[in-house]
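Under the heading glycine binding site, Swiss-Prot lists Ser35, Tyr65, Arg363, citing a large-scale study or a structure entry as support. Annotation comment: Swiss-Prot describes Lys54, Lys250, Lys285, Lys354, Lys375 as N6-acetyllysine. Annotation comment: Swiss-Prot describes Tyr55, Ser99, Ser175, His203, His228, Arg235, Gly263 as pyridoxal 5'-phosphate binding site. Among the features that Swiss-Prot reports, site 'Transaldimination and stability' is placed at Tyr55, Arg235. Under the heading N6-succinyllysine, Swiss-Prot lists Lys62, Lys242, Lys250, Lys277, Lys293, Lys331, Lys346, Lys354. Annotated (6S)-5,6,7,8-tetrahydrofolate binding site per Swiss-Prot: Leu121, Gly125, His126, Leu127, Glu246, Ser355, Pro356, Phe357, in sequence order, evidence recorded as a large-scale study or a structure entry. What Swiss-Prot records for His228 is site 'Plays an important role in substrate specificity', and it gives experimental evidence as the kind of evidence. Annotation comment: Swiss-Prot describes Lys229 as N6-(pyridoxal phosphate)lysine.
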Amino acid sequence: MLKREMNIADYDAELWQAMEQEKVRQEEHIELIASENYTSPRVMQAQGSQLTNKYAEGYPGKRYYGGCEYVDIVEQLAIDRAKELFGADYANVQPHSGSQANFAVYTALLEPGDTVLGMNLAHGGHLTHGSPVNFSGKLYNIVPYGIDATGHIDYADLEKQAKEHKPKMIIGGFSAYSGVVDWAKMREIADSIGAYLFVDMAHVAGLVAAGVYPNPVPHAHVVTTTTHKTLAGPRGGLILAKGGSEELYKKLNSAVFPGGQGGPLMHVIAGKAVALKEAMEPEFKTYQQQVAKNAKAMVEVFLERGYKVVSGGTDNHLFLVDLVDKNLTGKEADAALGRANITVNKNSVPNDPKSPFVTSGIRVGTPAITRRGFKEAEAKELAGWMCDVLDSINDEAVIERIKGKVLDICARYPVYA
């Protein structure tokens, strides 16, 4: 018989210690990785629930197992909330990740070998948008598009590539682009050649939900997102659409199950339902507005301190700092900031002379610090500290001084109070 008082600490001290150390790390480090965020205790409660015990292959009302009457309610709540939040008339909440949601879209809309137009990874795209090491690059004929000299999407080149290569699908979306995408323009280009427009809004879904960033759902044939990142829910994926045919929606459902997955993770779907409800609250909109304000505030300081920011600014939650002129690599910057308890990720910049394992830039995002309660003043102070470290990358005294400031501000703004 299982007893509810069973716990990891008493049973597996080695594992528990690592878990506790990670908890301390999150509280004592400033998190600036653009794809990371802190989810609410309500979401974690759902993920740690007995829903983890239930197999539920199929969809609500059409399961392959019995005993699904309550998990049907859970999944339907998540579906309905996703549709309401993003103005969609179709939602699939089962994908285990954003990449698996993207895989489902590819398999629903395309045949292996079909031509796809996707954003160049080196210009801000994502692995699943056509990287040769990913399924997308291995199974499909990928034609990349990118940004112009100003750091913004080159729509003229995109249109030229589309007319020349006649892709079956055009992908909008990014993992390291700080501008606003013109979804209507992308749909116009897709329609001109009879292609699908598929948008991966994983990075900006929270901003979209709050009305801070344009919603791609009215423009795209299909939209995917993760449920973490700016949306601040559990790690998982989501597929959305509006105005599509029943045939399209059946194809998408079949591409998720049984096409790419078996049983859904019902405890995660419950977490998604909680997060989607939280995203409808007025304070969520305030939070997302602050995310964007904090990113702009940080950019201002980097520019004042003589650092180059790709595209010269940001209109969302992230920005790229180009370190080529500073004779620094992203790897060096990442490591030095890490020693000061500031977590970023090294990132390739446009026309990067370094390999993806070294890079010439860092990506900075504000969802996590804003979740802690940082506003513009704290964001600017933090950006100044980062510049101090990068200006003196081999000076351990400077790094230790900044680390002390980081520990102090983390104590004042805990993740979980």
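Any Cβ shown, glycine's included, is placed from N, Cα and C.
Sequence features annotated in Swiss-Prot and their locations in the structure.
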{"residue": "Tyr55", "record": "pyridoxal 5'-phosphate binding site", "CB count, 10 Å": "15"}
{"residue": "Ser99", "record": "pyridoxal 5'-phosphate binding site", "CB count, 10 Å": "20"}
{"residue": "Gly125", "record": "(6S)-5,6,7,8-tetrahydrofolate binding site", "CB count, 10 Å": "24"}
{"residue": "His126", "record": "(6S)-5,6,7,8-tetrahydrofolate binding site", "CB count, 10 Å": "23"}
{"residue": "Leu127", "record": "(6S)-5,6,7,8-tetrahydrofolate binding site", "CB count, 10 Å": "16"}
{"residue": "His228", "record": "pyridoxal 5'-phosphate binding site", "CB count, 10 Å": "27"}
{"residue": "Lys229", "record": "N6-(pyridoxal phosphate)lysine", "CB count, 10 Å": "28"}
{"residue": "Lys250", "record": "N6-succinyllysine", "CB count, 10 Å": "11"}
{"residue": "Ser355", "record": "(6S)-5,6,7,8-tetrahydrofolate binding site", "CB count, 10 Å": "11"}
{"residue": "Phe357", "record": "(6S)-5,6,7,8-tetrahydrofolate binding site", "CB count, 10 Å": "10"}
Candidate recorded positions Lys250, Phe357, Lys375, pick with smallest Cα gap to Lys229 (N6-(pyridoxal phosphate)lysine): Lys375
Neighbourhood of Ser35 (glycine binding site), C-beta criterion under 8 angstroms, separation at least six: Ser175, Ala202, His203, Thr226, His228, Lys229, Gly365
Inter-residue Cα distance where the pair is Lys346 (N6-succinyllysine) and Arg363 (glycine binding site), in Å: 6
Least Cβ-crowded entry, counting other Cβ within 10 Å, from the recorded positions listed as Lys242, Lys285, Arg363: Lys285
Using Cα positions only, nearest of the recorded positions to Glu246 ((6S)-5,6,7,8-tetrahydrofolate binding site) (Lys62, Tyr65, Ser99, Lys277, Lys285): Lys62
Which recorded positions sit within 10 Å of Phe357 ((6S)-5,6,7,8-tetrahydrofolate binding site) - Cα, from Lys62, Tyr65, Lys375: none
DSSP three-state assignment for Lys250 (N6-succinyllysine): helix
Diameter of the glycine binding set by C-alpha atoms, the set being Ser35, Tyr65, Arg363, in angstrom: 45
Fewest other Cβ within 10 angstroms of its own Cβ, chosen from the recorded positions Lys62, Arg235, Lys293, Lys331, Lys354: Lys62
By Cα-Cα distance, the member of recorded positions Arg235, Lys242, Lys285, Lys293, Lys346 nearest Lys277 (N6-succinyllysine): Lys285
Integer Å distance between the CA atoms belonging to Gly125 ((6S)-5,6,7,8-tetrahydrofolate binding site) and Lys54 (N6-acetyllysine): 36
For Arg235 (pyridoxal 5'-phosphate binding site), the one of Tyr65, Lys242, Lys250, Lys285, Lys293 that lies nearest, given that the recorded positions are compared by Cα: Lys285
Three-state secondary structure, Leu127 ((6S)-5,6,7,8-tetrahydrofolate binding site) (per DSSP): helix
Integer Å distance between the CA atoms belonging to Lys62 (N6-succinyllysine) and Gly125 ((6S)-5,6,7,8-tetrahydrofolate binding site): 37
Length of the line joining the Cα atoms of Lys250 (N6-succinyllysine) and Leu127 ((6S)-5,6,7,8-tetrahydrofolate binding site), in Å: 26
